[in-house]
Each structure stands twice: as C-alpha cells, then as structure tokens.
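So that you can see what the record holds, here are the features copied from Swiss-Prot:
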- K5: N6,N6,N6-trimethyllysine (MOD_RES)
- N114, T164, K168, R286, H318, S370: substrate binding site (BINDING)
- K166: active site, proton acceptor (ACT_SITE)
- K192: N6-carboxylysine (MOD_RES)
- K192, D194, E195: Mg(2+) binding site (BINDING)
- H285: active site, proton acceptor (ACT_SITE)
- K325: site 'Transition state stabilizer' (SITE)
Amino acid sequence: SAGFKAGVKDYKLTYYTPDYETKDTDILAAFRVTPQPGVPPEEAGAAVAAESSTGTWTTVWTDGLTNLDRYKGRCYHIEPVAGEETQFIAYVAYPLDLFEEGSVTNMFTSIVGNVFGFKALRALRLEDLRIPVAYVKTFQGPPHGIQVERDKLNKYGRPLLGCTIKPKLGLSAKNYGRAVYECLRGGLDFTKDDENVNSQPFMRWRDRFLFCAEALYKAQAETGEIKGHYLNATAGTCEEMMKRAIFARELGVPIVMHDYLTGGFTANTTLAHYCRDNGLLLHIHRAMHAVIDRQKNHGIHFRVLAKALRMSGGDHIHSGTVVGKLEGEREITLGFVDLLRDDFIEKDRSRGIYFTQDWVSLPGVLPVASGGIHVWHMPALTEIFGDDSVLQFGGGTLGHPWGNAPGAVANRVALEACVQARNEGRXXAREGNEIIREASKWSPELAAACEVWKEIKFEFEAMDTL
C-alpha cells in the first residue's frame with residue numbers, strides 16, 4: 001500500500017541494539033537511568049538514545065529521506081547498578097556525523113540538550129563520555145598545557161601555590177593590588193580573582209587589572225621568581241570578555257581566568273583560542289558545577305564537564321580538594337584528575353571511569369585544589385595530587401594572624417618541606433603532621449599558622465561514593 005507506516009512505536013524496536021559493535025569513531029555515553037515505574041530499562045535506554053539523536057515521539061514522513069541506520073544513536077548495553085534496584089547504566093553510541101567539529105556546545109546540545117526532561121524517566125545522569133580520537137583532533141584543547149606552563153614559569157618538581165584574594169567583594173582596586181603583592185612577595189606563585197569578581201561598581205575591571213599588574217611586577221622584581229595573578233576576564237558578552245583579555249595581554253601579564261560554565265562553552269573556546277595565539281595561560285573556575293553535578297541520580301558528573309573543558313580549552317581547572325570544605329571523594333576525584341592530566345587513561349570503574357580515553361597528545365590541564373585547605377593539609381595534598389597541580393589557600397593564606405605575606409611564607413615553607421620529605425622517601429601522608437612540625441621549628445611564620453589551624457584529622461563521610 002502507498003504511504004508510510006505512521007503512528008507511535010516503541011523506541012526499543014529501533015534504538016535498542018544489544019548486538020551493535022561500537023566503532024572507534026563513535027562517541028560513547030554512559031547514562032545512569034532511573035525509569036518511571038512500569039517502564040522497562042530497555043525502553044528507557046532506547047528512549048535516551050532516540051531523543052538525543054535522530055528520534056522523535058512519532059514516525060515521521062521525512063524519516064524516509066534519510067539513512068536512519070547511519071545517523072541514529074543506539075543503546076547497545078544495559079547493566080543494573082549494584083545496590084540500586086531502580087537504576088541502570090545505559091550505554092549509548094552516537095555516530096560521529098551527528099556532531100559539529102570543534103564544538104563542545106554542539107556536543108552537549110545533542111547529547112544532553114533534550115532528554116533530561118523526558119517523562120518516561122524519573123531521573124537521568126550522564127556519568128561519562130568516550131570522545132573518539134577523530135573528534136578529539138578537531139579541538140585545539142588547552143592553550144598551553146602542563147609542560148609549556150612549567151617552562152614559561154620556570155617552576156619544576158613541585159605543585160604550584162595560589163591564593164584567592166578575600167574578601168571577594170568590596171575591596172577597592174588599590175587595596176586589592178596590595179593584597180596581591182603581599183601574597184606574591186611572601187612566596188606564592190599565583191593569586192586569583194574570585195569567580196564573582198568581574199567588573200562591579202566598587203572595583204571596575206580595568207583598575208583592578210592595572211593594580212594587579214603593578215603588584216606582580218613588583219613582587220617579581222623582589223623575589224626573582226615569575227609571578228601571576230588570574231585576571232578574571234569573564235563578562236556579560238563575548239566582546240567584553242575579549243576586550244579584557246586583550247588588555248591583560250597588553251599589560252604583559254602571564255595568565256587570565258574564565259568561569260567556563262556560567263560564561264558558556266562558546267565563550268570559553270573563543271577565549272582559549274585567543275590565549276594560545278597570544279601566549280596567555282588560562283585558569284578555569286567551575287562556578288555553577290554543583291548545580292549540574294551534585295545530585296547522584298540526575299545531571300552530569302563532573303568528570304564529563306572536566307573532559308569537555310580539556311576539549312574547549314583551559315590550563316588550570318578547579319577540581320575539589322579531597323580534604324577541605326568542599327565535597328569530593330578521593331578515588332573519584334583522582335579518576336577525573338587523571339582524565340585532565342594524562343594522555344591515555346584506562347577504563348577503571350573503581351574510579352568512576354567508564355571508558356578508556358585516548359587524548360592523542362592534546363595538552364593536559366593542571367587540577368586546582370581550592371577550598372578550606374591550610375598548612376596541615378599540605379602533606380595529604382602533595383601525596384594525593386602530586387607535582388602537577390595548583391594548591392590554592394585563600395583563607396589559609398589571608399587568615400594568618402600576622403598578615404598575607406607571612407601567610408604565604410607559611411604555605412611555601414610547608415610545601416617545600418613536604419616535597420623535600422617526599423624526595424627523601426618519606427611517606428608524606430603517614431608522617432605529615434611530623435613533617436610540618438619539624439619545619440615550623442625554623443619558620444616562625446609556619447609555627448604561627450600551625451597554631452591557628454591546629455592539627456587535623458581526615459575523618460568524614462564523603463557523599464560521592466560509587
């Protein structure tokens with residue numbers, strides 16, 4: 001008979017294909033699916049595959065004008081989640097042709113743009129993505145990466161030290177610059193604009209940029225070390241963001257900063273390209289990430305946002321502390337830290353890594369540990385994050401009873417002591433408190449910091465368990 005077979009049919013008839021052999025060029029996704037009661041997992045998984053690729057709720061006439069088998073997403077495997085009766089992991093393969101080259105924005109619009117409001121699902125979380133080599137190669141990635149950054153800064157064999165300037169809102173530009181100078185002079189490598197410092201009435205961006213540049217050049221001259229301040233270029237429009245980045249380059253400073261989730265991937269990728277072309281390092285803050293990644297059964301896991309940032313571009317990204325005031329579990333955190341830094345990462349479910357990822361020499365990103373950490377955490381931080389990281393102590397520097405510069409001295413002495421102890425073969429984690437106590441005997445600044453924050457115990461339940 002003429003015409004086509006109209007009507008609504010089960011997604012699983014077309015989009016659930018357990019025999020499918022995944023291709024090297026497919027983008028693979030692992031979704032944690034919580035179907036509504038009565039919806040079988042195969043149908044729920046197929047619905048996700050359909051709605052995030054070629055499907056719609058009914059058969060349409062124009063399906064006949066395309067090759068569905070070439071373009072459809074496929075749910076190729078479903079597994080139950082241990083200990084969760086209502087949850088499943090659905091694996092979906094997407095043909096590469098569904099995505100625009102070099103666009104993280106398009107990748108997310110396709111994969112997570114529509115399906116999360118789907119009625120057949122009670123909840124949905126994107127746990128991991130496997131980015132195929134063919135797609136990775138369409139991205140510039142980080143402007144410089146870990147090795148180039150070390151070479152630019154001439155700093156090797158240890159983590160880098162930073163500090164967020166507080167109070168985050170309300171300082172004048174000149175006082176802000178003074179705080180920057182004191183921290184850098186004391187021994188930090190970097191200071192940082194807070195993520196919500198953009199250009200407000202009490203401190204316009206241009207004034208801040210000037211005073212911070214003056215501060216870092218003065219500190220550089222006094223210490224003989226290269227210094228940086230993350231100048232936050234985040235703005236209300238891309239044009240304004242670029243104006244700020246260009247001014248930073250004209251000042252000759254080494255690094256700018258961007259809030260990549262609130263600013264958006266399009267703006268971030270634009271800025272990353274500018275930074276590579278103009279020799280600026282790019283520090284990335286993840287403001288708003290917990291809105292997306294904190295729920296265990298719905299949203300997007302941070303490891304996906306981290307992979308997306310490596311593609312879009314950034315040289316540093318905040319990644320939790322494992323020990324401070326913000327949530328984050330050790331194995332999970334180390335999983336996405338490796339995804340940020342390493343070139344090839346094996347599948348390892350115990351660390352939340354669902355797929356083997358090959359970055360084919362895309363530069364790496366330095367993880368930034370920031371939030372509620374102080375000198376007593378230093379041994380654990382050096383042990384957990386290793387050399388290729390940035391450790392940021394905001395309150396842990398500025399809260400020092402003698403002021404910012406002594407606070408910076410305390411952190412630098414603690415770091416150097418931990419690195420030396422490790423290089424001598426001592427177990428920084430086990431002997432941590434002892435290492436810090438020894439160093440504080442010859443550093444009054446460190447002794448004062450130790451007194452304020454006292455020794456710590458690592459005993460609390462993390463929320464993000466597998």
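Numbering starts at 1 and runs along the chain as displayed.
The backbone N, Cα and C atoms fix where each Cβ goes, glycine too.
Sequence features annotated in Swiss-Prot and their locations in the structure.
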residue: K5; record: N6,N6,N6-trimethyllysine; DSSP class: coil
residue: N114; record: substrate binding site; DSSP class: coil
residue: T164; record: substrate binding site; DSSP class: strand
residue: K192; record: N6-carboxylysine; DSSP class: strand
residue: R286; record: substrate binding site; DSSP class: coil
residue: H318; record: substrate binding site; DSSP class: strand
residue: S370; record: substrate binding site; DSSP class: strand
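In this structure the alpha carbons, written CA, of T164 (substrate binding site) and the residue listed as 'N6,N6,N6-trimethyllysine' are 62 Å apart. Within the set of recorded positions (K166, K192, H318), the lowest number of other Cβ atoms found within 10 Å of a Cβ is recorded at K166. In this structure the alpha carbons, written CA, of H318 (substrate binding site) and H285 (active site, proton acceptor) are 6 Å apart. Comparing Cα positions, E195 (Mg(2+) binding site) lies closest to H285 out of the recorded positions K5, N114, K166, H285, S370.
Among the listed recorded positions, namely K5, K168, H285, R286, the Cβ with the most fellow Cβ atoms inside 10 Å is that of H285. When each of the binding-site residues D194, E195 is scored by how many other Cβ atoms sit within 10 Å of its Cβ, D194 comes out lowest.
The recorded positions listed here (K5, N114, K166, K168, D194) include D194 as those with a Cα within 10 A of the Cα of H285 (active site, proton acceptor). For the Mg(2+) site, the Cβ centre of K192, D194, E195 serves as reference, and the other residues of the chain with Cβ at most 8 Å from it are T164, I165, K168, D193, N196, V197, Y230, N232, M257, H285. For S370 (substrate binding site), the Cβ neighbour count at a 10 Å cut-off comes to 25, with all displayed protein chains included.
In the structure as shown, the Cβ atom of T164 (substrate binding site) sits within 10 Å of 24 other Cβ atoms. Annotation: D194 are the recorded positions among K5, N114, D194, S370 whose CA atoms are within 10 angstroms of the CA of K166 (active site, proton acceptor).
Nearest by CA distance to N114 (substrate binding site), out of the recorded positions K5, K192, D194, is K5. Here the CA atom of R286 (substrate binding site) lies 14 Å from the CA atom of K192 (N6-carboxylysine). Spacing of S370 (substrate binding site) relative to D194 (Mg(2+) binding site) is 11 Å (Cα to Cα, whole number).
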